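Features of the protein shown, as given by TrEMBL:
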type	residues	note
TRANSMEM	6-29	transmembrane segment
TRANSMEM	87-107	transmembrane segment
TRANSMEM	127-153	transmembrane segment
TRANSMEM	174-199	transmembrane segment
TRANSMEM	219-240	transmembrane segment
TRANSMEM	275-293	transmembrane segment
TRANSMEM	299-321	transmembrane segment
TRANSMEM	341-360	transmembrane segment
TRANSMEM	429-457	transmembrane segment
TRANSMEM	515-533	transmembrane segment
TRANSMEM	539-557	transmembrane segment
Amino acid sequence: ASSEALTQVLIPVAALVGIGFALLQWLLFSRVKVSSHDSSNGYKVKLIEADEEEEGIDNIEVSIKCAEIQHAISLGATSFLFTEYKYLGIFMGVFGVIIFLFLASVKGFSTKSEPCIYNQGNTCKPALANAVFSTIAFLLGALTSVLSGFLGMKIATYANARTALEARKGVGKAFIIAFRLGAVMGFLLAANGLLVLYVSIYLFKLYYGDDWEGLYESITGYGLGGSSMALFGRVGGGIYKKQPMSVLILSVIADNVGDNVGDIAGMGSNLFGSYAESSCAALFVASISSFGINHDFTAMSYPLIISSMGIVVCLITTLFATDMFEIKNVREIEPSLKRQLLISTILMTAGIAMVSFFAWPSEFTLFDFGTEKEVRTLRCYSSMPLICPSLMLTASSNTCSPVQNVADSCRIGAATNVIFGLALGYKYVIIPIFAISISIYVSFSLAAMYGIAVAAIGMLTTISTSLAIDAYGPISDNAGGIAEMAGMSHKIRERTDALDAAGNTTAAIGKESGLSALVSLALFGAYVSRAGIKSVDVLTPKVFIGLIVGAMPPYWFSAMTMKSVGSAALKMVEEVGNSIQFRD
């Protein structure tokens with residue numbers, strides 16, 4: 001009882017601490033001196049006052065230009081997202097109705113309680129109730145994903161011009177601004193996702209009571225909603241981002257807008273979707289194991305507890321970048337970002353060990369394809385591959401010889417650059433693939449499908465730091481574009497380029513493509529557990545056909561997205577040709 005009460009306090013407190021820390025970072029950033037000026041377009045803007053004179057350029061003039069460009073980028077990004085969200089609203093409504101109809105029709109829209117499948121001897125809530133609550137959870141997940149992307153975009157557009165202006169004081173000042181605003185996004189997303197999921201479980205529990213089987217089956221809709229919105233955000237924003245690049249940056253503003261809607265809003269929704277999916281999969285698999293049958297709330301809430309621990313660990317880690325170590329030259333930028341990952345991984349390894357021995361009983365049973373598998377706490381803790389993000393970063397450096405070889409290939413021409421770059425990309429999937437494969441084997445051997453879900457959560461425990469680093473890149477990229485368009489000196493542009501280069505080489509931390517394999521397998525594990533599937537025979541023709549057909553959609557999907565980029569680029573060229581602003 002005491003551990004359950006402590007769990008009910010720790011999870012929301014950790015989420016609120018994350019939100020509070022994000023607001024504190026915002027407050028520290030906002031303390032930069034500002035002054036208001038009327039722009040030539042007639043709107044009010046806030047400008048950073050310059051403390052140092054820029055060579056050959058009046059500081060007020062530069063600030064006004066930066067503010068005008070920032071306003072244009074923010075306006076473009078907001079307009080795009082609002083247009084996208086109109087279509088997403090329609091999709092959410094239609095798909096929500098489909099989810100309700102499919103789930104409710106399983107038992108003929110029955111309103112009668114039924115015997116539980118796994119917790120034998122007890123009765124569970126009717127199928128109609130499960131359909132209603134699953135639909136609500138789907139809508140909550142979708143709205144949280146949309147909110148995560150939108151907040152990230154607003155934060156990034158608020159930070160880009162200020163990063164450029166702070167670069168006049170030195171690369172260290174600009175780095176702190178960009179990283180601090182990236183941290184605001186990271187902590188807001190992680191804390192909001194955790195808080196909404198916990199509150200949803202608490203409110204759903206008021207109806208479900210002791211029916212944890214139905215409760216956590218319904219809550220899986222939260223993950224579905226998050227991943228659905230992530231698909232639109234990532235693809236739609238990515239297409240918008242690539243179209244101006246495909247036409248030789250005819251519109252620099254559009255390129256900067258694309259960074260915010262693709263790499264910020266889309267990436268935020270994407271990582272939130274992965275977090276929600278893995279958490280919901282682990283919760284459901286646990287609910288049909290001894291945790292759920294014995295109503296052990298602390299053990300059931302393990303995914304939420306380690307997410308709470310992740311927020312605290314990332315908070316400590318962020319201080320190393322913003323307060324404990326000062327960036328004095330451009331060579332220190334990339335090591336500082338990578339140090340964030342290493343420190344958070346080390347601290348999180350110790351933190352998860354503490355949480356595991358606090359939340360889990362010394363021995364427990366897990367559902368394993370129709371049988372029960374006895375597991376010890378130490379073995380289940382060992383299934384989390386926290387080191388995987390570090391392994392994925394081994395080749396991500398602009399100082400490593402492979403990256404230098406790609407850059408050197410540009411001397412011959414674009415064709416050799418494409419060949420070298422593609423070959424390097426193919427080659428350096430080897431280490432991540434082996435790392436993920438080993439993690440899957442070890443996780444499943446130690447803790448069955450629950451171990452797979454926990455492994456995915458293990459890679460997401462440092463999501464706040466990962467998002468801060470990933471958001472830092474587009475903010476710095478935007479700052480460089482603003483500095484160039486505002487007519488700042490070449491020295492300032494070199495500083496923003498250095499910030500952008502470090503962000504590009506560390507972007508693999510936030511994306512963590514290998515995470516998709518673990519999340520997909522965790523979802524499959526939740527499905528086979530619920531469906532009662534005991535084995536899958538690959539030699540069966542239907543299964544083998546399914547594998548072949550299933551391997552085809554990624555190519556089909558890629559072809560459609562690439563074609564969309566080309567079509568959008570052609571329309572942009574036509575618009576540029578017809579636009580008055582581009583005529584002589």
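Placement of Cβ uses the backbone N, Cα and C atoms for every residue, glycine included.
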Intrachain neighbours beyond the transmembrane segment (539-557), with Cβ under 8 angstroms and 6 or more residues off its ends: none
Stretch in 6-29, 174-199, 219-240, 299-321, 429-457 most in contact with the transmembrane segment (87-107), if contact is a CB pair under 8 A: 219-240
Recorded stretch that, among 6-29, 174-199, 219-240, 275-293, 429-457, has the most CB pairs under 8 Å to the transmembrane segment (299-321): 6-29
Intrachain residues whose Cβ lies under 8 Å of the transmembrane segment (174-199), provided they are six or more past its termini: 11-12, 14-19, 21-23, 25-26, 28-29, 32, 140, 144, 147-148, 151-152, 155-156, 158-159, 162-164, 166-167, 219, 222, 226, 264, 268, 271-272, 275-276, 279-280, 304, 307-308, 310-311, 314-315, 318, 321-322, 327, 333, 336-337, 463-472, 475-476, 479, 495-496, 499, 503
Winner by Cβ pairs under 8 Å against the transmembrane segment (429-457), considering only 6-29, 219-240, 275-293: 275-293
Feature contact check the transmembrane segment (275-293) with the transmembrane segment (219-240), CB under 8 Å, 3 or more pairs: yes
